[in-house]
Amino acid sequence: MKKHGVLNRDIARILASLGHTDQIVIADCGLPIPEDVECIDVSLKQGVPSFVEVLAEILADMEVEGLIAAEEVKEQNPAVHRALTGTNIPIHYLPHEQFKDTTCKAKAVIRTGEVTPYANVILRSGVIF
């Protein structure tokens, strides 16, 4: 049994398979997920687990060189925006509709129980060397 890092077997498998510039999404429970993208649903009920909780655990286990978020998060969800800017990882913003279109390039979407608007981010994998 693993002692450290993400215990969810599907998330651990995806993280271990990422190469440089591969992308995964951490999403609220309302984001539409493209049919061809794996969905790892960790939601238990509204708000559990939260977007911020899942983001923190993934960032502790994944090398991330960039984030992509919806432009609307800045005004519509200041708490999530603070969490994103607090990572000190460069953020590129897109209009929400374009953000949704971009998720089709992800290897997986991790669906949280988050129920606040625009609580979604695309993480671009970096390298550890």
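The backbone N, Cα and C atoms fix where each Cβ goes, and this holds for glycine too.
Among the candidates D28, D36, D41, the one that Swiss-Prot lists alongside H96, Y118, A119, N120 as binding substrate is D28.
For the recorded positions H20, H96, the ranking by surrounding Cβ atoms (within 10 Å, all protein chains) places H96 first. Taking Cβ-Cβ distances under 8 Å and a sequence gap of 6 or more within the same chain, the neighbours of A119 (substrate binding site) are A27, D28, F51, V73, N77, V80, T112.
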